[in-house]
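Here the structure is laid out as structure tokens; the discussion comes afterwards.
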Amino acid sequence: MMDKKCTLCFLFLLLLNMALIAAESEEGANQTDLGVTRNKIMTAQYECYQKIMQDPIQQGEGLYCNRTWDGWLCWNDVAAGTESMQYCPDYFQDFDPSEKVTKICDQDGNWFRHPDSNRTWTNYTLCNNSTHEKVKTALNLFYLTIIGHGLSIASLIISLIIFFYFKSLSCQRITLHKNLFFSFVCNSIVTIIHLTAVANNQALVATNPVSCKVSQFIHLYLMGCNYFWMLCEGIYLHTLIVVAVFAEKQHLMWYYFLGWGFPLLPACIHAIARSLYYNDNCWISSDTHLLYIIHGPICAALLVNLFFLLNIVRVLITKLKVTHQAESNLYMKAVRATLILVPLLGIEFVLFPWRPEGKVAEEVYDYVMHILMHYQGLLVSTIFCFFNGEVQAILRRNWNQYKIQFGNGFSHSDALRSASYTVSTISDVQGYSHDCPTEHLNGKSIQDIENVALKPEKMYDLVM
């Protein structure tokens, strides 16, 4: 019941945010990109003229070129025979701000004039020299991101349908899976909205509406939820195996608080700090250390989770080596999936600060980071659902029943149903042990359950 209420609440918030962003986008569409660029240039021109008037007059000996405004950038006094240099402006989308602009002061103390026009000239050619390649790479990364989140949403929704439809899958660990999957679905939806409606809408970013900041706040909050629900998975397994030694039930209320409630704290602190100390338009810039308010707790959650999982493996290998050997093997299967996911979901925070230098290295880095960041939902659903032995057994059983019911040319249908029941029962027992071992054993050993499961098969042999 709580899952359904949380789902409806989050979907309502997402739809409301989408409507606000769409309304702001239509309202700001009248202000064209050209108008935004013109405002930037006029602001830079005003600041340049103020600087020209306020800076002290050049007192040094020798010839020099006077300070000037060339129409796009402001230039200081430069000694004759030198070349002045600064970064390209960000007025235009096809300009690369990491490239350089040059302006030459000749030996006579005059700014260089272009021979074709006989007018003072600044070399902006490098600003869009490699624009075509960079735009192509940016588009590839954009489509890679959208496809990744689209596949993640599709796979996660299919997984949630499977978990909700098959009641035999209901257990506490599957409940944690459902919440983890739902957090990834919400995060992917918000990311797609942010990339399509905010990040690529220069007019909307220029107007700086509240809705785009709300979108960024929700995005950062849901990103935190992803990692803290992964922490919940690790804590659950650690409590089940190490602390309570295969306890039957745990109170999930604390997991809901940690997974959905705690990420609100860093998200709110970041929003307050951002509005006070780095209140850029739509909070879209990543060039601020305030993002450590979000990334710090996430890294801490990953480290704690990794510690829990390694401790679980230690216990399963040592303490349960002699006793509960069969159970320890089954628990190891459940731990293995989480142990694989934690490094994969956390590697982006290890690689993020170490951006390599060089054109090819940077491009490879961008592709790897985008795959690691935007295909997480697909990875989570694949490991926790599609590779889950219990899910595979349930789907296999229903597929076999479907073939028996609707297939043609089968004889002895009653016997085949009995055989299908026998196979599915064995598969279900083995599959249940993968994710919910203690909740399905009910105090019996593995051998006892296998003996019960084999009884229909023996009866089938007698009938045949």
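Each Cβ is built from the backbone N, Cα and C atoms, and glycine gets one as well.
Feature annotations, courtesy of Swiss-Prot:
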DISULFID  CYS48-CYS74  disulfide bond
DISULFID  CYS65-CYS105  disulfide bond
DISULFID  CYS88-CYS127  disulfide bond
CARBOHYD  ASN30  N-linked glycosylation site
CARBOHYD  ASN66  N-linked glycosylation site
CARBOHYD  ASN118  N-linked glycosylation site
CARBOHYD  ASN123  N-linked glycosylation site
CARBOHYD  ASN128  N-linked glycosylation site
CARBOHYD  ASN129  N-linked glycosylation site
SITE      GLN202  site 'Required for ADM interaction'
SITE      GLN250  site 'Required for RAMP3 interaction'
SITE      THR288  site 'Required for RAMP2 interaction'
SITE      MET373  site 'Required for ADM interaction'
TOPO_DOM  24-139  topological domain 'Extracellular'
TOPO_DOM  165-175  topological domain 'Cytoplasmic'
TOPO_DOM  199-209  topological domain 'Extracellular'
TOPO_DOM  239-252  topological domain 'Cytoplasmic'
TOPO_DOM  274-289  topological domain 'Extracellular'
TOPO_DOM  315-329  topological domain 'Cytoplasmic'
TOPO_DOM  352-366  topological domain 'Extracellular'
TOPO_DOM  388-464  topological domain 'Cytoplasmic'
TRANSMEM  140-164  transmembrane segment
TRANSMEM  176-198  transmembrane segment
TRANSMEM  210-238  transmembrane segment
TRANSMEM  253-273  transmembrane segment
TRANSMEM  290-314  transmembrane segment
TRANSMEM  330-351  transmembrane segment
TRANSMEM  367-387  transmembrane segment
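Projection of Swiss-Prot feature records onto the structure.
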residue	record	Cβ contacts under 8 Å, 6 or more apart
CYS48	disulfide bond	TRP69, LEU73, CYS74
ASN66	N-linked glycosylation site	ASP77
CYS105	disulfide bond	TYR64, CYS65, VAL78, ALA79, ALA80, GLY81, THR82, GLU83, SER84, TRP111, PHE112
ASN118	N-linked glycosylation site	none
ASN123	N-linked glycosylation site	VAL101, THR102, LYS103, ILE104
CYS127	disulfide bond	CYS88, PRO89, PHE95, ASP96, GLU99, VAL101
ASN129	N-linked glycosylation site	ASP96, GLU99
THR288	site 'Required for RAMP2 interaction'	ARG274, TYR278, ASP280
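For MET373 (site 'Required for ADM interaction'), the nearest of the recorded positions by C-alpha distance turns out to be GLN202; the candidates were ASN128, GLN202, GLN250. According to DSSP, CYS65 (disulfide bond) sits within a strand segment. Ranked by Cβ neighbours within 10 A across all protein chains shown, the recorded positions CYS65, CYS88, MET373 are led by CYS65. Mean pLDDT for the topological domain 'Extracellular' (24-139) in this predicted model: 85. Across 140-164, 176-198, 253-273, stretch 176-198 shows the highest tally of CB pairs under 8 A with the transmembrane segment (210-238). A Cβ distance under 8 Å defines the sequence-distant neighbours of the topological domain 'Extracellular' (274-289), meaning residues of its chain 6+ beyond its ends; these are 198-199, 204-206, 208-209, 212-213, 215-217. Sequence-distant contacts of the topological domain 'Extracellular' (352-366), counting only residues of its own chain at least 6 positions beyond either end whose CB sits under 8 Å from a CB of the stretch, comprise 137, 141. Distance noted between the C-alpha atoms of ASN128 (N-linked glycosylation site) and GLN250 (site 'Required for RAMP3 interaction') is 60 Å. Taking CA atoms as the reference points, GLN250 (site 'Required for RAMP3 interaction') and GLN202 (site 'Required for ADM interaction') are 49 Å apart. Secondary structure of the topological domain 'Extracellular' (274-289) per DSSP, as helix, strand and coil residue counts: 8 helix, 0 strand, 8 coil. Note on CYS74 (disulfide bond): other Cβ atoms within 10 Å of its Cβ, all shown chains, come to 17. In the three-state DSSP scheme, CYS127 (disulfide bond) is classed as helix. Following the DSSP three-state reduction, the secondary structure of GLN250 (site 'Required for RAMP3 interaction') is coil. A simple way to gauge crowding: the CB of GLN250 (site 'Required for RAMP3 interaction') has 17 other CB atoms within 10 angstroms, across all the protein chains here. Residues of the topological domain 'Extracellular' (24-139) grouped by DSSP class, helix first, strand second and coil last, total 40 helix, 24 strand, 52 coil.
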